[in-house]
Structure formats: C-alpha cells, structure tokens
Amino acid sequence: MKRTYQPHNRKRRNKHGFRSRMATKNGRKVLSARRAKGRHRLTVSSETSNKK
C-alpha cells in the first residue's frame, strides 16, 4: 500500500514557502504569529537560505 507522505522539496517550497505565505492574508497572519512567537525558522523556504 502506498503511504500518503511522498516528500518532494519543490512541492514543499511551493506550498509552504515564504512567497506562498505572503500571497494570502491568512498566510501573512501565520508569518506574523511565528514572528511573535520568536520562531527561528519562519517558513520551510528559509531553512536553506543564507540567512540562517
């Protein structure tokens, strides 16, 4: 039986990346909540950037 989680980095970036979060109002709400909480990584796309 094929399992539900079939990871692909491109799909991950496109769905949960910074640009897709900024594209919607609720996505921006997510980012601001994560900033307020003091998260080290805001999105999955910030994991491999130079900003670490």
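Cβ atoms are placed via backbone N, Cα and C, with glycine included.
Per Swiss-Prot, the features are:
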COMPBIAS  1-19  compositional bias 'Basic residues'
COMPBIAS  26-42  compositional bias 'Basic residues'
COMPBIAS  43-52  compositional bias 'Polar residues'
REGION    1-52  region 'Disordered'
Per DSSP, what is the helix/strand/coil residue tally across the compositional bias 'Basic residues' (26-42)?
12 helix, 0 strand, 5 coil
With Cβ-Cβ distances below 8 Å as the criterion, list the same-chain residues six or more beyond the ends of the compositional bias 'Basic residues' (26-42) that contact it, or say none.
18, 20
